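Written out below as C-alpha cells is the structure these notes cover.
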Amino acid sequence: MRSTPDLCDDHADDVRVVTGLHWHSYGGHEQFGGRIATVKCFEDNSRVKETLATEGEGRVLVVDGGGSLRNALIGDMIAANARDNGWAGVIIHGACRDVDVLRDINFGVLALGCIPRKSVRRGEGQADIPVSFGGVTFRPGEYVYADANGIIVSKGALS
Ligand SMILES: O=C([O-])CC(=O)C(=O)O
C-alpha cells in the first residue's frame, strides 16, 4: 500500500481526509486499508463482535462508538478472531483494550484511546450504515486507507 500522503497527492479530488482527532495505532499493522464495513454503537460491542466473526475479505471495519473512552469496543480476542477471518483492520471512534497483545496481532487497530473495562453486550447497535466522525462520512463499500499520517476515504479503491 502507498502512503496516505502519496495517495492524497495523486487523488486530491477523490479523497476525504479525517481531521481533528488524535488516533493511536495499537495493532501489529500501522498501515492498512480496504473496503469499508461499518458499525454504529455506544458502549455496546455486540455488532462489532458479530461483524468481525464474518468473512472479512480484506475489509476494514469502521466503528462509530460516539467517541466514548469509558469502555473498550475491541480487545485481543475479537481482534485475533477478525484477523483469522481475513479482516485488514478496525478504526474505532472509541476505545480498545489488551494493548500489549494487540501489538503482536497482524492486524490494524486505530482507536482514540484504551481502557481496561469491557463494553456491555445487550445486542444494541447498527451495522452497514453510513457513519460520520472527524468531518468524514464512511459509507459501506467505499475505501479507507490508514497509516501513521492519518486516515483517508475514497469512493473507489486507490492504487
Ligand atoms: O470481549 C470483548 O468485549 C472485548 C475483549 O476484551 C476482547 O476482544 O478480548
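From the backbone N, Cα and C atoms, a Cβ is placed for every residue, glycine too.
All TrEMBL annotations are machine predictions without curation.
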Additional site residue, R59, R97 [criterion: listed by TrEMBL with G75, D76, M77, I78 for substrate]: R97
Proximal but sequence-remote residues of the same chain as R97 (substrate binding site) (Cβ under 8 Å, at least 6 apart): A72, I74, G75, C114, I115, P116, R117, K118
Whole-number Å value of the largest CA-CA distance among G75, D76, M77, I78, R97, listed as substrate-binding: 11
Spatial neighbours, same chain, of M77 (substrate binding site) - Cβ under 8 Å, 6+ residues apart: D98
Least surrounded among the binding-site residues, given as D76, D98, when other CB atoms within 10 Å are counted: D76
Cβ-Cβ neighbours of I78 (substrate binding site) (radius 10 Å): 20
